[in-house]
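So that you can see what the record holds, here are the features copied from Swiss-Prot:
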TOPO_DOM  1-6  topological domain 'Cytoplasmic'
TRANSMEM  7-29  transmembrane segment
TOPO_DOM  30-334  topological domain 'Lumenal'
BINDING   Arg77, Asp150  substrate binding site
CARBOHYD  Asn116  N-linked glycosylation site
DISULFID  Cys117-Cys128  disulfide bond
DISULFID  Cys146-Cys210  disulfide bond
BINDING   Asp151, His264  Mn(2+) binding site
DISULFID  Cys314-Cys323  disulfide bond
Amino acid sequence: MSRVRRVLCRACLALAAVLAVLLLLPLPLPLPLPLPRAPAPDPGRVPTGSLTLEVSRLQPDDVFIAVKTTRKNHGPRLRLLLRTWISRAPRQTFIFTDGDDPELQLLAGSQMINTNCSAVRTRQALCCKMSVEYDKFIESGRKWFCHVDDDNYVNPKSLLHLLSTFSSNQDIYLGRPSLDHPIEATERVQGGGTSNTVKFWFATGGAGFCLSRGLALKMSPWASLGSFMSTAERVRLPDDCTVGYIVEGLLGARLLHSPLFHSHLENLQKLPSGAVLQQVTLSYGGPENPHNVVNVAGSFSIRQDPTRFQSVHCLLYPDTHWCPMKNRGKEAFQ
């Protein structure tokens with residue numbers, strides 16, 4: 001009996017020793033939880049990441065503003081632009097025309113570019129000028145390309161402020177569509193008789209639009225060195241539509257709609273007078289619709305300033321030498 005008791009005691013001691021060892025061992029760590037995954041990018045969302053550095057660095061000379069005009073408009077339209085907003089952005093602005101003009105060349109210098117495109121307002125002539133604009137921008141090395149027409153007033157400060165909220169390395173296509181729905185076009189497939197239907201948004205050139213350098217470089221296979229014109233023939237559309245076709249239809253990027261761009265196609269009198277000076281571009285109706293102008297007062301009558309561009313300019317830059325002194329007073333809006 002005592003022998004059995006001794007065996008049991010030894011067993012108990014051995015068990016106690018094992019338990020003691022187990023208690024001294026470190027507890028196993030729990031398995032690590034899986035790292036949270038970043039949400040998938042939303043294709044419709046405006047990219048906003050890592051913009052602080054670019055905002056602080058964006059300078060006026062980072063922007064390439066292309067003004068499309070024609071020889072017959074050098075007098076009535078272009079001189080007004082040179083007198084107003086271009087005088088505040090001379091190094092940013094490049095004038096693309098279709099005829100030599102020694103007098104204008106003296107005013108604009110090397111910023112005036114004769115595209116040698118046809119002066120007839122056809123789809124092919126418009127695309128010819130856009131092709132030259134694109135190539136000159138790529139050659140310039142600047143960060144942003146902005147296209148406007150010769151009936152646009154550009155507010156350089158508002159433009160720079162808007163572009164500073166984006167990165168030029170990202171795919172940015174910024175402007176205002178003239179339609180409330182995507183355009184539908186027939187895309188002719190090269191090397192065959194087949195065709196496809198494509199739908200895409202485009203920013204109307206009459207209001208102006210901007211492209212980041214990152215996106216413009218991706219457009220190169222369809223836009224550089226004359227390729228733009230052959231691309232336009234695939235859909236048989238004018239220049240601004242072709243830009244939208246390349247960006248949305250071929251590259252899969254998206255137009256970012258902005259209400260700050262304005263063309264003569266909209267009712268400009270509906271633009272609140274208090275918001276006029278914050279817009280990026282303005283326009284006017286012209287002889288066929290002379291009353292379609294922004295509602296802004298000032299020191300010039302409608303007869304003196306039918307486009308209202310001089311009035312807008314003097315409100316933005318009252319120190320301009322030809323602006324009336326009273327324009328520097330209190331309120332100028334109606």
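Heads up, the Cβ atoms here are built off N, Cα and C, so glycines get one too.
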- Item | Largest tally of Cβ atoms lying within 10 Å of a Cβ, found at which of the disulfide-bonded residues Cys210, Cys314 | Cys210
- DSSP-derived class (H/G/I helix, E/B strand, else coil) of Cys146 (disulfide bond): strand
- Query: Can you give the mean pLDDT for the topological domain 'Lumenal' (30-334), rounded to a whole number?
  - Reply: 89
- Task: Using the structure shown, find which entry in Asp150, Asp151 (the binding-site residues) has the sparsest Cβ neighbourhood within 10 Å.
- Result: Asp150
- Message: Using DSSP and collapsing to three states, where does Cys210 (disulfide bond) fall: helix, strand or coil?
- Response: strand
- Note on the structure: Same-chain residues at least 6 positions away from the residue listed as 'N-linked glycosylation site' with a Cβ under 8 Å from its Cβ, in sequence order, are Asp98
- Item | Residue among disulfide-bonded residues Cys117, Cys146 with least C-beta crowding, 10 angstrom cut-off | Cys117
- From recorded positions Cys128, Cys146, Cys210, His264, Cys323, the one whose Cα lies nearest Arg77 (substrate binding site): His264
- Same-chain residues at least 6 apart in sequence with Cβ under 8 Å of the Cβ of Cys128 (disulfide bond), in sequence order, are Thr115, Cys117, Ser118, Met229
- Note on the structure: For His264 (Mn(2+) binding site) and Asp150 (substrate binding site), the CA-to-CA distance in whole Å is 11
- Including all protein chains shown, what's the count of other C-beta atoms within 10 A of the C-beta of His264 (Mn(2+) binding site)? 19
